[in-house]
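Following: one structure in structure tokens, then a few remarks.
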Amino acid sequence: MKPAVELKNVTKVIKGKKIIDNLSFTINEGEVFGFLGPNGAGKTTTIRMIVGLMGISSGEIIICGNSITKNHDQALRNVGGIVENPEMYKFLTGYQNLMQYARMIKGITKEKIDEVVKLVGLTDRIHDKVKTYSLGMRQRLGLAQSLLHDPKVMILDEPTNGLDPAGIREIRDHLRILSKERGMAVIVSSHLLSEMEMMCDRIAIIQKGKLIDVQQVHDFVADDVNKYFIEIDSTNLNSVPNLTNIAFDLHENGIEVEVEKEKVPDVIKHLVENGVRIYGVKAVSKSLEDRFLEVTGKEEVANA
Amino acid sequence: MLNLITNEWLKIFKRTGTYVMIGLIIIGVIGMGAIQKIYLDKDKQNDNWKTELSAQVQNDEKSLKGMPKIARSEIQQQIDINKYRIDHNIPPQEKKTMYSFINDSSELITFAGLFTIIIAAGIVASEFGWGTIKLLLIRPIKRSKILLSKYATVILFGVLMTAILFVSSALIGLILFGTGNGSNIHLVYANGHVVEQSMLWYLVKKFLLSSIDVLMLATMAFMISAVFRNSSLAIGISIFLLVMGSNVTLLLSVKFDWAKYILFANTNLMQYVDGSPMIKGMTLGFSITMLFIYFIIFHILAFAVFTKRDVAA
């Protein structure tokens, strides 16, 4: 896998305060990379530094072999994106907006514009003024402008903000296609954790400007499931504590036990033998949200 | 670069406000024409102009003696020009013509200037206001180039506004007053002598030179817009100075010699074509140098801040 974006010891100091502290990670071609962190952690600042909207106090950001500070034009030639909300010229039509951006880079043909418009599904409304667009349509137009020049790196800040479930699904599918079929590196930031879980291949968590963890989403979410929920008749609930020596949490209509997989049958057998009626057993996987709070929460305590 | 200017131009002309501005200029010219037609137009050329003029010259010469020094030079010029008319048999143009109307309508350049300032003040600041600056600056184009294209667009817009004023006043003047009887010679006072000039050339020169303070103020508004990202501030300061600047400078110039270094002492280059400078010892070269220095300072400020600044809006 070739690296598309590299951050090397990136630090940003604003008015003597370290907003971003020594951040280093690499984003590869063909992957969707999630950027996660609580509000004020420095997600947007980092993204703004990657696209050259903000200067870098020390360190370096390399996009497709070009430093964003030294080779600004060549580096940004490979980048498309939306930073925060897709703000467009409201007094222009969608098409005129796209023309604005098409004129800024050589070699964007009319056919390319039409192709992109079709891809994001705006063909019917593209000649209407942007002020008549819904937020979802603006988001699509934003996506369209970022795709005009076939970038190798795509940067989306909160891409599903304000979209309905169908729209979210659509964006997710677009991102999959872009990364898997065209080999784009996609950088996504979001506070919707479940979203990230479905969209991303890898996730970086930052907090207070520091990188806390970079992990594969798969590992991150699925690592060592060892909690099981056992549904029990509520009348039997009170008698359960006397029956087992395994730690568990009492719930309204069942218990949650923390055991290794091999021991699950033993637990069930033990319960059944003691006359507890069992209606169902399921594995409780940790959601990304749990993990996220776990990881960032720990840090909070450590700092306190 | 041409594409960038096209972009900026479209952004200006896709907004209705721009057409209101153009409409106001044309309405202003029509209004002025109507008033002049009704109240000021004299049909007959006065046959006794020579005796009237010499009476006026005698009158002026008398009053000259009792005048303070600063007021004198203007009257002296008037006397010389009137004498020249009598000597060379050039009657004063009392009948309104297209040319005199264009000359009068050059007063409306302030209007054209006002609108240019509004555009200059908004062209950077409103990108920040709309939030579109974020999409504009993540293109593979240097920030300085984007800013330059915006400035070029402001200049083009100013030129267009002035051209609209000139052409519309020429057309309306032609319709209302005609071209006159042909003796359209303009007399100017230069280096202590009265000189004849072609009227059309004089008018073009007058329009160009009158645009200089507009150019400087638009440049200043542009600078404020780029530095402070606030169009109201840029419009406010620039219009205040457009209206008050030269008057305040005139008052200061009576007392202080350093007033000649103030921008507004130098913006009116017509003072070298049509008369004598505001402050003794000022020359055309001095004014151009001063204008150039101000121009460079405005641009250094605008470009330095705009290219370095973190975009956090």
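In case you wondered, yes, glycine gets a Cβ from its N, Cα and C as well.
Positions annotated as transmembrane segment by TrEMBL: B:20-40 (among others).
Annotated transmembrane segment per TrEMBL: B:108-130 (among others), in sequence order.
Summarising the annotation, TrEMBL assigns transmembrane segment to B:151-177 (among others). Long-range contacts of the transmembrane segment (B:151-177) within the same chain, counting only residues at least 6 positions beyond its ends with a Cβ under 8 Å from a Cβ of the stretch, are 5, 8-9, 12, 21-22, 25-26, 29-30, 33-34, 36-37, 41, 95-102, 105, 108-109, 111-113, 115-116, 119-120, 123, 203, 207, 211, 214-215, 218-219, 222, 299, 302.
The transmembrane segment annotation in TrEMBL covers B:207-228 (among others).
Here TrEMBL flags B:235-254 (among others) as transmembrane segment.
According to TrEMBL, the transmembrane segment annotation covers B:284-306 (among others). Taking Cβ pairs closer than 8 Å, the transmembrane segment (B:284-306) reaches residues 124, 143-144, 147, 151, 212, 216, 219-220, 222-223, 226-227, 260-261, 263, 265-267, 269, 272, 277 in its own chain, all 6 or more past its ends.
Sequence-distant neighbours of the transmembrane segment (B:108-130) (same chain, 6+ residues past either end, Cβ-Cβ under 8 Å): 8, 12, 18, 21, 24-25, 28-29, 32, 136, 147, 150, 153-154, 157-158, 161-162, 164-165, 169, 207, 210-211, 213-214, 217-219, 221-222, 224-226, 228-232, 234-235, 238-239, 242, 306, 313.
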